[in-house]
Amino acid sequence: MAKKCFCISGKIFALNLFGKRYSKKIIKKRDLKKYRLYLHPAVAVDGIIEKDNKILLIKRKNNPFKGCFALPGGFVECGETVEEAVVREIKEETGLIPKVKSLLGVYSSPDRDPRGHVISIVFILDVIGGELKAGDDAKEAEFFDLNNLPKLAFDHEKIIKDYMRWKNG
């Protein structure tokens, strides 16, 4: 899961050094000694969209938790903000066009994802367009009554409980 760098034609492609963006910067192997490379957790985003006391969930097409329901979301790609990532992931998985409304929270338990240490940043979003249709790595996309949710993947049950506390404030 933890990737520091990889080789391109005998040179090193550094993705992130000391928290600064070095997008597509090629660094010679001998110059890499100047930098200390660290293993980092992966960063993911999840989105909460509510409509008529129902919450949008997707059925996962792939492992981990294949066949389980989850909040729509995924990994942040290099060069995008977390807000851009959550909008992209929701478009890809549900067909809806969302707009970020608020930050709900950050979930960072090292064991929340069986693939490794993944930090998830969770946003509350409004729908501004699109049509609900499962896509990308979502087998299904549908709204579920907040009082009758299916078994959820990862720590998404905790996230939804936190959302309900935020909502009822």
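Backbone N, Cα and C atoms are what each Cβ position is placed from, and that goes for glycine too.
Given the ranges 74-95, 96-117, the record in Swiss-Prot names 74-95 as motif 'Nudix box'. Each of the binding-site residues Gly73, Pro110 was scored by the number of other CB atoms within 10 A of its CB, and the lowest score belongs to Pro110.
Proximity to Glu93 (Mg(2+) 1 binding site), defined by a C-alpha to C-alpha distance within 10 angstroms, is shown by the following recorded positions from Ser109, Pro110, Asp111, Glu140: Glu140. Secondary structure from DSSP puts Glu93 (Mg(2+) 1 binding site) in a helix. Ser109 (substrate binding site) and Gly73 (Mg(2+) 1 binding site) have their C-alpha atoms 17 Å apart, to the nearest angstrom. Around Glu140 (active site, proton acceptor), the same-chain residues at least 6 positions away in sequence with a Cβ under 8 Å from its Cβ are Ile58, Lys59, Ala134.
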